[in-house]
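My structure is below; once you've seen it, I'll send some questions.
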Amino acid sequence: MSGRELGVLNALDVAKTQWYHFTAIVIAGMGFFTDAYDLFCISLVTKLLGRIYYTDFSKPKPGVLPPNVQAAVTGVALCGTLAGQLFFGWLGDKLGRKKVYGLTLMLMVVCSLASGLSFGDTPKGVMATLCFFRFWLGFGIGGDYPLSATIMSEYANKKTRGAFIAAVFAMQGFGILAGGIVALIVSSAYDHKYDLPSYEVDPRGSIVPSLDYVWRIILMFGAVPAGVTYYWRMKMPETARYTALVARNAKQAASDMSKVLQVEIEAEEDKLNHIVESENQRYGLFSKEFAKRHGLHLVGTTVTWFLLDIAFYSQNLFQKDIFSAIGWIPPSQEMNAIHEVYRIARAQTLIALCSTVPGYWFTVAFIDYMGRFAIQLMGFFFMTVFMFALAIPYNHWTKKENRIGFVVMYSLTFFFSNFGPNATTFVVPAEIFPARLRSTCHGISAAAGKAGAIVGAFGFLYAAQSTDPKKVDHGYPTGIGVKNSLIVLGVVNFFGMLFTLLVPESKGKSLEELSGENEEGPEAVEMAGSARTVPV
C-alpha cells in the first residue's frame, strides 16, 4: 500500500470476492439487461409496424415503414442515449453516482411503458408518440452506461475488477436474448389464437386489428426488469471513491465501506486533505494537464467505441434484413404479420444464444488473465476477418445450400465483437480516468460509441439496399448492396484495430495508480505516461 493511498480505497482494492460484489453486479447489470432489451426489441417489431400502419391491400406486398419513419423509429433511441450519456456522465461526477442512478432507472420505467401507448391511432400519431418516448427512454438508458460502469469499477477489487465490470455489461446479452424470447411467446400466443392466412392468400385476413397489441406488449415489457431493481439500487451506498476523493468526506466513506466490507476502516481525514489539496489534482477536463496525462487515452477510448458501434449496431438492428437477403426468412408476402414477427424473433434469439451471450461471458472469464488490450485487438482482428469472409464471396453465401454457413460466419462476428471490443470499450474508460472525471469521460466515450451506432443504424439502412432499382424496398433509393456494406464494415473494424494501440492496459492496477491520483508532481505525469505503453 502506498503511503499516499487511503486505507478505505486499499481495503476495496485487496478485498476478496464477497457477496456485495455479486449484488452490485446484479443491481448494475439489470440496468444493462433493460438497456439492451429496450434498444434492440424495436428491430423485432418494425416490420409489424409497417404491415399494420402502411399496408396498401391493392399491392402484392405488405406495407413497410417509409424510409424516414424507419430511420426515426430505429435511430431516435440512439440519439437519446447519446445525449443521456453526456448529461448523466457529467451529472454523476457533480452530484454523485447514487443520486443520479435512481433517476435514470425511473426514466427508463416510465418511458418503456409510455412507448407502448399512443396519441390516436393514425400512422402519424402512433409513430410520433413512439419516437418521442423512445428518445427519452434512450436518454435514461444513456445515463446507465457511465454510472453502472463507474459504480462497478469503484466497488471492485484490483484482481477481478475487469471481470466484474464485464459481467455488468454481459447482462446486455441476456437483454437481447430476452427480447427475442418475449417476442416468440407473444407471437406464438397470437398465432395459436388467430391462425391467420399469409398475405398473398388473403391480404386483409393476414392482419387483424388486435395485432396492434403485439408490438405494444413487447416494448412495454422493458419496464419490468428496471422496476424490479429500483429498491435495491436505492439501497446501495455511494461509492467510497466518490465520497472520499470527490465529496471529500473520509468519515462517510469509511463508515459506508465498513458496513459493505464488514471490517473496521479508519477515516484518515488528514491523509485525504493532503491528497485532494495537491495542486497536481486540480486540473479539469479541458486543461493542458489532462491533455498531457489522458488526452491520448480519451482519443483511444472514444474512437475505438465509435468504430465498434458502427459495425455492432448495423449487425444487430438489421439482422432481419440480412436474413431476408440470404433467404433465411421467407419473402414478406409468403407470411402473415404474426409469422413474420415469429421468424425474425427466432433468428435473433438463435444468434443471441449461440454467439452473442457466450461472447460476453468469454470476456468475463478471460479479461483479467489476457488483459483488456489483447482481447480488444483480437476481437477487432477476427471481426475484420469474418466480415471480409462474408463480403468477398457474398454471392456464394446467398445460394440455398450455403445459407447455414453464412449464419455460422455471421454468428462468429457477433461472438468476437462481444469476446472483444464490445466489452472492453465499456470496461477501460471506467478504470483509467481520475475519480472526479471518471463518469464524465466514460460518458464521452460511450456517447462517441452511440454516434457510431447512429451512423451504423442510419447508414446501413440505406447502404444495404440493392443496386438494382427493382429490388429495393418501397420508398428507398438504390444503395451499395449488402455485399459492399459488409466490406465497409470490415474496413471499419480494421481501423478499430489501429486505434486500439492508443488504449492503455489497466489489468492488475488500482484505479488511483492508473489515474495518478496518489502521486504528486513529475512522478505522476511520468506514471500516467507509462500507462500509455502498449503490451506486446
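Placement of Cβ uses the backbone N, Cα and C atoms for every residue, glycine included.
Sharing the feature lines straight out of TrEMBL:
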type	residues	note
COMPBIAS	514-523	compositional bias 'Acidic residues'
DOMAIN	24-508	domain 'Major facilitator superfamily (MFS) profile'
REGION	512-536	region 'Disordered'
TRANSMEM	20-49	transmembrane segment
TRANSMEM	69-88	transmembrane segment
TRANSMEM	100-119	transmembrane segment
TRANSMEM	163-190	transmembrane segment
TRANSMEM	213-232	transmembrane segment
TRANSMEM	349-367	transmembrane segment
TRANSMEM	373-392	transmembrane segment
TRANSMEM	404-423	transmembrane segment
TRANSMEM	443-464	transmembrane segment
TRANSMEM	485-503	transmembrane segment
Of the listed stretches 163-190, 213-232, 349-367, 373-392, 485-503, which one has the most C-beta pairs under 8 A with the transmembrane segment (100-119)?
213-232
Are there residues at least six beyond either end of the transmembrane segment (213-232) with Cβ under 8 Å to its Cβ atoms? List them, or say none.
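Distal contacts: 23, 26-27, 30-31, 33-34, 37-38, 41-42, 44-45, 48-49, 52, 102, 105-106, 108-110, 112-113, 115-117, 137, 175, 178-179, 182-183, 186-187, 190, 338, 341.
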Residues of the same chain, at least six outside the transmembrane segment (404-423), with any C-beta under 8 angstroms of its C-beta?
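Beyond its ends, the transmembrane segment (404-423) has Cβ neighbours at 166, 169-170, 173, 304-305, 308, 311-312, 315, 322, 326, 328, 351, 354-356, 358-360, 362-364, 366-367, 375-376, 378-380, 382-383, 386-387, 389-390, 397-398, 496, 500.
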Would the transmembrane segment (443-464) count as touching the transmembrane segment (163-190), if touching means at least three Cβ pairs under 8 Å and pairs must be 6 or more apart in sequence?
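Judged by the Cβ rule, the two regions do not touch, with the required three close pairs absent.
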Considering only Cβ pairs under 8 Å, which range in 69-88, 163-190, 349-367, 485-503 makes the most contacts with the transmembrane segment (373-392)?
485-503
So, taking each listed stretch (69-88, 163-190, 485-503) in turn and counting its Cβ pairs to the transmembrane segment (20-49) that are under 8 angstroms, which one gives the highest count?
163-190
Could you pull out which residues elsewhere in the chain have a CB under 8 Å from any CB of the transmembrane segment (349-367), counting only those six or more residues past its ends?
162-163, 166-167, 169-170, 172-174, 176-177, 180-181, 184, 319, 375, 407, 410-412, 414-420, 422-424, 427, 507
Given the model, what does the mean pLDDT over the domain 'Major facilitator superfamily (MFS) profile' (24-508) come out as?
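87, rounded to a whole number.
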